[in-house]
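Annotated features, as they stand in Swiss-Prot:
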BINDING   G149, G150, A151, G152, V153, G154, K155, T156  ATP binding site
Amino acid sequence: MKKGYITQVIGPVVDIRFEGDLPPINNAIKIPMGDRELVVEVAQHIGDNTVRCVAMASTDGLRRGMECIDTGGPIMVPVGKGVLGRMFNVLGQPIDELGEVKDVKYMPIHKKPPSFEEQNPATEILETGIKVIDLLTPYPKGGKIGLFGGAGVGKTVLIMELIRNVAIEHGGYSIFAGVGERSREGNELWLEMHEAGVIDKTAFVFGQMNEPPGARMRVGLAGLTIAEYFRDEEHQDVLLFIDNIFRFVQAGSEVSALLGRMPSAVGYQPTLATEMGALQERITSTKKGSITSVQAIYVPADDLTDPAPATTFAHLDATTVLSRSIAEMGIYPAVDPLDSTSRILEPHIVGEEHYYVARKVQEILQRYKELQDIIAILGMEELTEEDRLIVYRARKIQRFLSQPFFVAEAFTGTPGKYVPLKETIRGFKKIVEGEMDDIPEPAFYMVGTIDEVYEKAEKMK
């Protein structure tokens, strides 16, 4: 064990001098502080036998000359079946007051991404049971999905429904990394997962808003390491939820400024693309298993060209855009069917029928959007017979894209629905081909499959 001593402390940044060999970049160094132990991570070698480190917790109480011990490797987090149903901080210490973690191994949070030979391109759909997603923005198994949305449009509810559906319908594991999250939201999610009965299929890692930037910057990697173990050693298909990827970038920007690096565009860190790549390149499918990641992305001032969301875009396979105008209509999940995209919505991947139905749905909705100005000024009577039909079908499609969620049962009083992909395609095909033209609009709202529309229409007679 190499030992050194503190030479200077500037906020969350600590300089430590070692005689002889210096610990390499990314090594964890422990600083004993009486009843607790502070962990710092080596960020730079600044010459004169000194390393500059970033703290993972508050540096209150540190002083010059204190002894520091190099652990000889990066931060290690617990992995394995023992982490399921538990909640950890960035250092892998349990924060749920349920005692010690049992039945786990420890792995470093820094490692190389899988090589090209090991990778397996994502060309298979992960069925979510959510109609609008499966039809228009199919999620690739082992792909990366971005969830763009403002406050209060339902990002968290959508994430919770996805965790529930994957756990119950697919029997898969989910890892949730709260990066710069509100502690309240983390607590709500924890309680929701208990109520939904899927807590034993889920592991949580949190680095909340109130923690130093070092912790917020590394918590995503800690969650990813747990997911990688399930993929590589247990050969599982895992879901990794990161909320919020923007806070990861923000923490990196704070650390960069503290380390004295010159800022680049819009004041972000010059290493923005490298840091994002180091995280994103490890989230991938291999021949052993897959990691499918759903990442909530906050868009500063609704500007998608801001360096943070713009850098994230380059890595994504599918984008789900949540829209306030759709939420205002009472249609949940409030996914924008025209703004959301998916790389795998191609006929050779999803099949001709799925592709045809999805494009037809978008075509009808796009035409309806164009006609809305005319309707607002002149009314429906001025439209041609053909356009009127498109409007009626579009309104039915809009309502049929809504769906009752399991995790929202307590609020809506409507039991949740899981809709298989085949049923989703069959339902929308009937609408676009005119088979449902004589069924009233309200019958399409908040139902699961198309058969339920018939049942609802019967009751309305």
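Cβ coordinates are placed from backbone N, Cα and C, and glycine is handled just like the others.
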Taking the centroid of the Cβ atoms of G149, G150, A151, G152, V153, G154, K155, T156 as the ATP site, which other residues of that chain lie with their Cβ within 8 Å of it, listed in sequence order?
L322, A327, A334
By the count of other Cβ atoms within 10 Å, pick out the sparsest of the binding-site residues G149, G152, G154.
G152
Of all the binding-site residues given, A151, V153, which has the fewest Cβ neighbours within 10 Å once its own Cβ is left out?
A151
Over all shown protein chains, what is the count of other CB atoms within 10 A of the CB belonging to T156 (ATP binding site)?
19
Determine the Cβ neighbour count for K155 (ATP binding site): the number of other Cβ atoms within 10 Å of its Cβ.
23
CB within-chain contacts under 8 A for G150 (ATP binding site), separation at least 6:
V299, D302, L322, R324
